[in-house]
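Below is one structure; the comments refer to it alone.
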Amino acid sequence: MLNPIDFIKKPKKPTFPKEIQTTDWETEFVTEIDTDTNRKLIQKEENEKKIVDETETESDKNDTNSEIILEEKDNQDQDEIIKRKDNQDKKKKHMFYEIAIVMKDPEIEDGKCGKKITPKEINKIQVEQAKILDKIRESGLEIEEQDVDKKPLHFYLVGVSLRMLEKWGEEMRTKVRLIQKDLKQIEHYSEFRIEDKSQYAVSQDFPDCVFPSAARQSLVTTIIQEKRGRGGCNINIPKSLHKNYMSGYFGLHNTKERTDLYASWTKRPSELFQFKQPENKIRDYFGEEISYYFAFLGFYSKWLIFPSVLGLVFTIAKYTNEKFKKSYGYVSLAYCLFNALWVTFFIEFWKRRIMTLAFRWDLLDLNTVDETPRPQFKGKTRKSPITGSIERYYPEWKRKIKYLFTYSIVLIMMAAAAACSIGINWKKLKGEKNLTMGYKIGTGVGTGASIFILDYFYRKIAFYLSSWENHKTEEAFQNAMIIKLFPFQFVNSFSSLFVIAFVSRLPDFLDTQLASLLLTRLAIGNFQELVVPFLKGKFRNCCSTFSRKSEKKMNPIVNQSNLPQYDNTIDDYSEMMLQLGYISLFSVSIPAVSFLAYLNNLIEIKVDSAKLRTMQRPLPRIRIGIGNWSYILNVISVLVVMINTALIAITYSDSLKDLSGFDTTNNRLWWLIGLEHAIFLIKYICHMIIPDTTTEVSDAIKQEQFKREKAALLYGKGIFEEDFNETESENEDFNETNDPEIKI
């Protein structure tokens, strides 16, 4: 520390040369001068000491003050650290961990098709993995790494705060449930707005959160994939999975919400015969796509009650009453008309159900077209003529040229499936009458087994062909899969029935063939959907448990990662469409197949719901209705009329000989054409009479449209929201006090 006395100039004492000799008076004068100077010097020294003492005391004070300040700063830093820890603990309590990301340390043996990857590629994967984690943290999401001893895998949980959910929920117009004022009132959903937060129903487990589990997972996925300019991470999840930057990306099961869902879904034995599904709870947990499937399954199963009861009565009478059997041609005529009308009414009322659920979930004005490119999509970069942004482009004419090849393969495979089915049932087709019942049932079961084997191998071919067509979006790829799969499955499943009914014309063989095919399909389908995934999950858990050195309880995140993936609803819808074909196209021969389908669907609802528990939780997808399966329903409704009338005119023509004009082939042909056109006319009239929406939904849609038009008109005139609300209240007062016929 600098001493201020060093900067004070000390006065020099007066000195005289030795050569000078002084007198007495001079000496007295000099002594007087010396004493004066000494006094002055003494005073200066004393002043200097005072200054030094004062500066030292001030420096000591400053040192003590600085020490006190430093101590206070240290205390403040400690308080801030404690506050940060408290805030982190609070954040963890209020964090919603909805997504799990699995990353694997790259190794040389990880290359595809047996190829080894280079150290440069390993370094690239490691850099990309680090970038993914950094982008997620920078966006505001939380990442928590699980302490799992399962190298080379790393498990990360992605969490989101309530404040971030509300911000993104309002921006993405997320639909949340409104408070149900009346218990009898149907629950409705609306777009989330922070200012209207008090109007939304909150979760029982999270009192401050209005977003259900599916909405939270959808928002987290949106944040991860959204561009960084909008606050997202700009991470292409499918591409990251395809490039091995991620080994897994799936939604986490929420134990409390899942328990609440399944308590009202599958655990009650009294609900075995109750087809009404908890559609809102399924939608809140799994999303709209899966909820629509179970709504369709429950609605379709409920409508099966009518044909199953009637078909069971007809079948019992057919095999127990000889008079009824002889006049079965007339019964089949009536049952044909019933089948055509039943399918028509089922489709029309299902359309109404689709619109009711879409209105309830506030999806009517939603654009569900997903334009996100698939990671497998290949094309040249160009400037988009619509948006002006850079995009990958593949010419449509090249894809159409590929269609010529791919659908030629589909036709060849359909012919091969028909040939296989005909080969198994060759003796039946030749009309040999000495065949035993065991042979008839055995060939039917063998045909059903061959159907599943061919479906399994053809699915891989259809996947390869659809991938080779190079579709841009996942929606287009799935539509291409449906177009290739269902025609093949239709021919594979029904070719033997067509040949027996219209070539061999053997009604007795048709009965056993249809029953054995349907029962085989139901048995193998349920085993494949429930037992196989359950055994696979148990096997994987056992293998991973025995491979661990310690016998500690396995992390639940690891358990969920070991479960098989639930890709989409294509297989589920395909199963129901084929079942509808069995009970409507050829059920004239044995109407009791409708009752078998009804019993199967009692179990199918429980099997499909339990299947979701034995698989990884699928990411929620927004979809209105059942997509392209609606067109397949319409095709089946047309085939029902054509095939049933053909069965009556060709297969059961012998029992209708007493009918006037039905004795010759030409007359039967005219009967066939006339009956077919009459039923088509009835179908068209029913289609025109039955509206696609209920009166309640159509009135609500018109009311909402009227309010929007009125709000836009008032906004154009400069009237703001408060004035608009005042005019609404004035209109309500006017309606209450005046004649109801002139209400606004």
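Keep in mind that glycine also has a Cβ here, set from the backbone N, Cα and C atoms.
According to TrEMBL, the features are:
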type	residues	note
REGION	45-77	region 'Disordered'
DOMAIN	282-704	domain 'Anoctamin transmembrane'
TRANSMEM	290-316	transmembrane segment
TRANSMEM	328-350	transmembrane segment
TRANSMEM	404-426	transmembrane segment
TRANSMEM	438-458	transmembrane segment
TRANSMEM	479-503	transmembrane segment
TRANSMEM	582-603	transmembrane segment
TRANSMEM	624-649	transmembrane segment
TRANSMEM	669-686	transmembrane segment
REGION	725-744	region 'Disordered'
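Cβ atoms under 8 Å from those of the transmembrane segment (582-603) belong to residues 272-273, 297, 300-301, 304-305, 307-312, 314-316, 332, 335-336, 339, 342-343, 493-494, 497, 501, 507, 510-511, 514-515, 517-519, 521-522, 526, 636, 639-640, 643-644, 647-648, 651-652 of the same chain, restricted to positions at least 6 beyond its ends. Sequence-distant neighbours of the transmembrane segment (404-426) (same chain, 6+ residues past either end, Cβ-Cβ under 8 Å): 443, 446-447, 450-451, 454, 458, 461-462, 465-466, 468-469, 484, 487-488, 491-492, 495-496, 499-500, 513. For the transmembrane segment (290-316), the residues of the chain that approach it from at least six positions outside its boundaries are 275-277, 279-280, 282-283, 331, 335, 338-339, 342, 346, 349-350, 353-354, 357, 569, 572-573, 576, 580, 583, 587, 590-595, 597-598, 601-602, 604-605, 608-609, 612, 618, 620, 623-626, judged by C-beta separation under 8 angstroms.
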